[in-house]
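Following: one structure in structure tokens, then a few remarks.
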């Protein structure tokens with residue numbers, strides 16, 4: 001019920017959304033305030049009517065003026081955009097450009113500039129985000145090595161770069177060179193002994209806490225939106241929700257800096273999710289250089305759907321924009337797919353030029369395996385998929401429970417203290433274990449790598465079959481030595497540590513991604529399983545499973561492949577990705593041979609995870625934060641109707657409406673000031689009650705203020721009209737105010753018997769903010785995106801839906817009386833006469849009586865006439 005209450009409280013004048021480190025007050029959200037309010041305006045307490053519908057001869061949804069009113073058609077913070085209106089505006093702009101391009105060479109040049117602006121923005125975004133991704137990788141590696149020591153010959157070199165030119169390194173200790181000094185050597189003058197260990201331990205903790213403290217302070221002071229992964233918010237923004245500043249220049253700057261600090265602090269987090277946020281910031285900033293995108297929120301949102309261009313250590317070529325298609329995008333047309341591929345190409349070119357990984361590859365984890373997999377190995381691969389699904393389900397539930405507790409307790413009010421505490425625990429526990437002390441990306445790379453004669457890792461310390469001493473041979477199937485068994489115990493401890501710390505780290509008020517920690521957990525589990533199967537095949541090669549393929553001296557098991565399969569399975573279990581994940585990991589191996597094990601593990605992971613809940617981690621955080629997001633992947637399988645979801649309910653006041661030519665400026669302002677609605681249906685008159693259109697509160701306010709500044713004679717008693725021609729007025733009347741330009745002439749409507757499955761599909765595909773519900777031409781209420789989210793949450797919680805917002809008048813009472821027999825107040829507005837049966841409200845009532853009531857239903861005007 002907690003999540004249900006969260007969505008229920010997410011109304012425009014109630015919801016406080018702690019989405020990015022600050023409390024965001026949704027006090028004026030358009031989607032919700034269309035209905036919410038304490039009381040309707042006394043002068044506009046009408047329900048809506050659609051006696052004949054709006055005129056349909058117009059080819060435009062809005063009647064634009066030759067000189068548009070400044071500010072009309074824009075959106076406030078935390079509002080949902082009107083996709084239909086934005087699409088109409090873009091078509092008007094496009095027609096205008098096409099009609100003028102033959103007038104002069106300048107107009108033709110402007111049309112070319114407009115046509116190519118999308119490709120220019122994508123190119124600039126790819127260049128900027130690719131460069132930032134490379135710089136972040138280089139800076140994070142340098143600062144991560146700074147916790148252990150410093151390069152005396154060049155301070156800006158990390159540990160690996162410092163020893164590149166050294167001639168004094170050995171094969172067994174290739175990471176030690178005179179140019180690189182640990183902190184114990186610099187401070188105490190000794191490299192070995194208890195004192196040096198304690199000093200290195202202390203400096204490791206000091207730098208980890210310093211980086212974490214600096215990161216959380218920068219986020220808290222300068223850019224609260226820079227915290228977290230960013231993908232839940234990006235998904236919400238792409239669905240049409242406005243969060244001003246989330247993709248701004250300050251957020252970009254602070255997130256880039258603090259991402260380096262957070263990764264270098266050693267926290268169990270990655271930089272892949274935040275890199276998506278960084279690239280979206282780049283695209284948003286560049287979009288303001290082109291009016292085509294800066295003045296149209298829908299076009300800007302479509303621009304941000306291109307893959308972010310930011311390359312993570314695991315993303316490569318086509319896998320990058322497939323991730324954007326499968327996980328990030330809300331709507332993905334064909335044109336976006338082309339430009340997505342182009343953005344990935346530009347980013348790949350930039351990263352190849354920078355070469356941040358020092359291996360002339362576009363990915364950090366590029367590996368090559370020379371041993372094929374065999375059919376019996378599908379059993380451990382599928383088991384790794386089961387582990388990945390179980391881990392994903394456990395992590396989602398545990399992390400959401402902790403984040404919900406953080407929001408509901410005083411502990412969440414101290415984000416700096418929380419980050420410092422988690423960083424301290426991570427550093428203290430991580431240092432003694434070499435597999436938790438090292439950079440997580442380097443750990444994954446080591447686990448993926450196959451053992452060979454040039455590998456000096458403990459994982460490759462096998463015994464020689466001849467003399468039992470440490471040796472490296474070309475045969476991968478050999479008995480494990482003491483180093484391998486020691487590494488297995490350390491990996492088991494590292495697995496437990498990573499599982500626990502990742503739960504408490506994801507969601508901290510610092511930039512934090514989930515790709516690398518999830519892959520690390522899967523790679524550790526996969527490597528452990530791979531070594532176990534390898535030794536099992538070596539000592540029991542005569543078993544029926546191994547007899548055909550694993551003969552003595554034959555290549556059989558590749559533990560690094562198991563690590564890769566486990567990494568993909570765990571990442572799929574957390575994010576519920578399938579296609580893009582398989583392509584990304586498959587491209588790391590450079591061959592088609594291993595795609596079947598990856599597919600088997602990823603699909604098994606998804607099936608097991610879906611058995612415990614279909615939400616991925618990003619969708620779970622969207623629901624936790626109360627974002628107005630309708631997941632396109634979620635199926636609606638219930639049989640409810642639109643009348644069961646619409647507002648107002650029976651205890652709510654009727655919707656306030658405006659007449660097209662009867663109101664004065666004073667009366668219109670009174671309606672706006674005395675109600676909290678953000679939209680008003682416009683009807684012909686109190687008698688006709690035929691729907692004319694729909695006007696937004698913000699547009700009305702801006703239009704009135706603009707008219708007072710630019711038009712003389714606009715007074716409080718000036719007549720307001722939404723028609724094409726001014727009404728007939730007395731000669732001494734003040735100048736009327738025409739507001740037809742702000743009127744939506746064709747608000748979307750559905751009937752009260754429309755299945756909610758269709759309504760939800762319409763909202764998803766058209767990006768609607770609201771639609772009107774009608775019955776025989778009479779408007780009964782409105783369904784907003786928030787109402788749909790509330791209804792979906794009610795169905796998930798298996799709670800019976802609340803009583804419908806209306807019922808029908810029964811013929812046993814006259815139209816002027818209510819269902820209880822008491823006279824109604826005779827007010828000039830359309831009132832849906834509610835009659836709640838005892839059976840509906842909690843008493844008895846047979847099905848036959850309900851069916852009779854359906855046949856007898858009718859809607860009456862309160863003056864006694866029938867529609």
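Here the Cβ of each residue, glycine as well, is placed from N, Cα and C on the backbone.
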TrEMBL feature transmembrane segment, matched against 316-335, 416-435, 436-455, 456-475, maps to 416-435
Looking at the candidate ranges 13-32, 33-52, report the one that TrEMBL labels region 'Disordered'.
33-52
74-94, 95-115, 116-136, 137-157 - the one TrEMBL records as transmembrane segment:
116-136
Among the residue ranges 247-269, 293-315, I'd like the one that TrEMBL describes as transmembrane segment.
247-269
As TrEMBL has it, transmembrane segment corresponds, among 54-70, 173-189, 275-291, to residues 275-291
Which range wins on Cβ pairs under 8 Å with the transmembrane segment (487-508): 116-136, 247-269, 416-435, 520-541?
416-435
Are the transmembrane segment (116-136) and the transmembrane segment (247-269) near each other by the rule of at least 3 C-beta pairs under 8 angstroms (pairs 6 or more apart)?
yes
Model confidence over the domain 'CBS' (646-712) (mean pLDDT, whole number):
83
Going by DSSP, how much of the domain 'CBS' (646-712) is helix, how much is strand and how much is coil, in residues?
24 helix, 16 strand, 27 coil
Tertiary contacts of the transmembrane segment (561-586) (same chain, 6+ residues out, Cβ under 8 Å):
314-316, 318-320, 322-323, 325-327, 367, 369, 371, 373, 380-381, 384-385, 387-393, 395-396, 444, 447-448, 450, 514-515, 518-527, 529-530, 533, 592, 594-595, 597-599, 601-606, 608-610, 614-618
Between the stretches 204-226, 275-291, 336-354, 520-541, which wins on the count of C-beta pairs under 8 angstroms to the transmembrane segment (416-435)?
204-226
